[in-house]
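Features reported for this protein in TrEMBL:
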type   : residues : note
DOMAIN : 3-225    : domain 'NAD-dependent epimerase/dehydratase'
DOMAIN : 261-306  : domain 'DUF1731'
Amino acid sequence: MNILITGGTGFIGAQLVPVLVGAPDQAQGDHLTLLTRQPEKMAKHYAAWADTGRLRFVSSLDALARDEAFDAVINLAGEGIADKPWTTQRKLELHASRVLLTESLGDWLRRAKHKPNVLISGSAVGWYGSQGERILDEESSAESGDYTHHLCRDWEAAALAAAPANARVCTLRLGVVIGPGGGMLRRLLPVFGLGLGGVLGNGEQYLSWVSRSDVVQVVLRMLTDRSLHGVFNLTAPAPVSNAEFTRTLARLLRRPAFLRVPASVLKLGLGEMSTLLLDGQRVMPSRLLSADYRFLHSTLEDALRSALSRNDSSRDND
């Protein structure tokens, strides 16, 4: 399969790309074109694949010829939503890296002579807005006042507009992705390791999460399963409260987590971005479950144990 990937050099792509392209010493694997701002750096990172001819990097969609024949497009690009405070400039960057890039992708697809069969595009559970303890599935409506809702809404609309007429479109409303070496755990482990972890606000807000391994497996299935199309909540079937998440991570790390960070402190320090920590969504992956997808990690403890054990292995091998 010949696949174009945006965002393939990020946290999810770090696991997805090697699975798709196959081991360097294997004769078979998908052919991937990755859109990245740093093609030379990524070529060095994947130097072991240089002789396979299955992996290339481009810095612009303009570098692609009109007669490129991609079977699938995976659109995962997007600046980290929690990497920087939500200043006006930062919101422009978040919009550009998601919505404008997807619109540019659509422009290229309309010019391309050969159309892909499937477009898999990212989004997030932030689409639903803050809805407290209400259980949300793909049929649920959104609370439209939240910034994350507007960002995800525009992102999803851009993907639908970008897709060729006869292509399947799979939209991934991702929860917080848990895996070794990055994502939320990369920020939390130093804090919890010092015994400074704790509950945020009242701790009742829900966290919808998913293991990175499950994200990869779902994407792999969507590439070939023609019955899958539309919006999918890509979250594990067991969302947890912030308090439960804190207790579970602290117990697995064997560290205390007695601190409480008042909501007022988070709002003062983070401003509007504090909604990422203080608000939440209780999301269920109803459509994936109906499609008989079996999660590799269906409980938070299982997902955290897997991620932490691989973090330890990575440190041992450094």
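Using the three backbone atoms N, Cα and C, a Cβ is placed for every residue, glycine included.
Within the model, the domain 'NAD-dependent epimerase/dehydratase' (3-225) carries an average pLDDT of 95. Per DSSP, the domain 'DUF1731' (261-306) is made up of 28 helix, 3 strand, 15 coil.
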